[in-house]
Amino acid sequence: MDSSQLPRRIIKETQRLLSEPVPGISAAPSEDNLRYFNVIILGPDSSPYQGGVFKLELFLPEDYPMAAPKVRFLTKIYHPNVDKLGRICLDILKDKWSPALQIRTVLLSIQALMSAPNPDDPLDENIARQWKTNEVEAMNTARQWTELYAHQA
Amino acid sequence: MSDYGDSDYDMGGSDAYSSGGDDFSYSGDEAEASSPVAKGAKKSFVVLDKEELRERLGAGVSQVVELLCISDAEATRALRFYKWDLTKLQEEWFADPEAVQVKVGLVDEQPSTRRKEEVCKICFESFSVQDMACARCKHYYCKDCWRGYIHTSIESGPFCLDLRCPDPECKAAVPRRVITAVVDAAHQERYDDFAINSFVDDQRQIVWCPAPDCQNAVMSMHDQLGVAQDIFCRCGNAFCFNCKEEAHRPVDCDTVRKWMIKNSAESENLNWILANTKPCPKCTRPIEKNQGCMHMTCSQCRHEFCWLCEGSWAEHGERTGGFYNCNRYKRAVDKGEVDEQEQRRQHARQSLERYMHYWQRWAENDTSRKRALRQMEAFKSETQELISEYTATPVSQLRFITDAWMQVVHCRRILKWTYATAFYAFADPVNATKEAKARLAQHQEFFEFNQGQAEHYLEKLHGQVEKQLNTFVRPPPSPPEGEAAAAGSEAAGPSGRDQQGWAKFREQLIGLTDVTRIHFEKLVNEFEKGLDEALKEYDVPMAQASTSAAAATAAAAAAEEAAAAKAKAAGKAPADSRRITRASKRRQGPVDQEQAAIEHEAGYWQCSHCTYANEAMDSQECELCSQPRGATR
């Protein structure tokens, strides 16, 4: 894809993501589509996802930054705000999106969501119920899933 | 059976309720004559079109801008937050300004940048500060990014009215000047529409007219919201402010809702079932007999029975008359025997019949009202011109005919609803005391008397404007129907005769319109006041109401006092419409004598103002409207 057609904002954001990466997060544009990013978030410390390597995809739609980027977990994750397809329930990806937010802020928010799940606003009913009724058990399952799915071969 | 969406209501933008009056008000001068039940002279609502809404909204915002020294965007937001209640906003603002400021996104004014250029935080480009815009927070963005941001927000719905600075941490309201500076016309219109919608939707005293395609709103000045209030929109739609159903005074909104539900569930089916079926004697499922003999077999429970006597078919055969007859049935009918089961079924049927009775009258009046609406439109678009020409009357002076039509339409609607209300109000009370039953019977008698009176005049008015009017839709030489006899004894030429007939028609119609309105006003007011109260005014001793017969007497007595001898007039009604009446003060000499002879023969004289049949032959004043005998308008 010809990078000259990309809005300057996207080019600048990409450059900055590559030159000053956020700790624990990497985001690199795909070679054939500069609006498509391969993202890796490391499971935050002192969370059941610690030690896990989580792959995500991020896509900047045509009307970005007026519209929010589309983000999805590719790695299976046991989390009340992430559904089976990896879709994420996060306000800034929906109605709280503002064009003054960036890819960087979005990924930071996702990282924070992994540290602090919000079972009161769930995307997956069952996981959320488990999280609320038996948190210890839920954390264990999350750890097991991290072990199973989020460890690099 | 809701009327919305009914083409009758869409009267092609014609101003049915106030010809010429720009700002229609319920009891404004223009509308007064057309109001079916002008209750008091108080202006109780006002219709507002989009432009007027915009003006009012603008005025409200300006007021806040001036009062609180804040920007228009902040004022709009503040008003929206307090549901456009200026008093509440003011109170809270002066009680705790900071709290209100936080709520409405009023941040402290930040110092402007000292740099000549700033980087837009959205597109990351540098711009000269002159080409950028910001709210009080002084977060600068370029115009293109503002446009994108505001357009996206407007496209996503009414929350664009609460637009904040794009900075996720900032709560500053986006000033109106920024919005108007960057958005295109289409988005601006959408934004303004959202503001107007909020202005109407968030305020309890303003509602949209529910007619399809009507963009007017109505503001009620009624002291009491939450109760039925009839509204007459400029589009021709008549609706209830409270429940948005068709206007339905004197019935309350709850009864209307119940009635509509009952109708939608039952009306058509019931009508057909009653007319065409009998219930299976065993399983009571309705059965339609569309052909064949009297030997019926229920398709549901396989019960075999005789269609005529509804007895088991096992008891039938040759000896009871064969397949096409039933001796048992004949015998029972002859003897007047009705078995217990039949009585039960009859009871069930009676309650259905009772409903049907009210429903049919309700529906008939509805149909009649719709037809009247159509006829009125036809009159306005076609007949009016012709009549104007044939009678040499300017169109502007034919207003009385439209008024009469309007009165018919309004009264049909009121009458229709009185049937719905009667269905509930006078249902057989379960476990009621004897007195309570008697009182109810008395109420019913009284209500039905008033209803009958009102209906009688309405029928007369309707007939007059429907049939009599047509006699003038032809060239002058042929005199109006029914006037021929009168014309024959007069010396005036054909055109003069016709003119006189026309003048009389006009004066009678105006009188009838008036009288009809008065009767309906009374019907509505007394019902709304409560029948007990209404009866008290006529001072009917309750003791008389101990039996049903006495109740009837009491009601009749009450009615007597209420409407004097109107009951008798009602009795004479059919005669009225057939006979030719010739009261006119302009007539003299032999005509007067002839007139007197006719009146003597008829046993009454007809008031030429209100058409009331006066039986006091010596009286020189109409008993009903108190106009002098022979007076015209």
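Positions of Cβ are set from backbone N, Cα and C atoms, glycine also.
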TrEMBL annotation of region 'Disordered' - which of the ranges B:152-177, B:360-385, B:568-593 it falls on: B:568-593
The domain 'RING-type' (B:120-166) - residue tally per DSSP class, helix then strand then coil: 21 helix, 8 strand, 18 coil
Predicted model, mean pLDDT over the domain 'RING-type' (B:116-330): 83
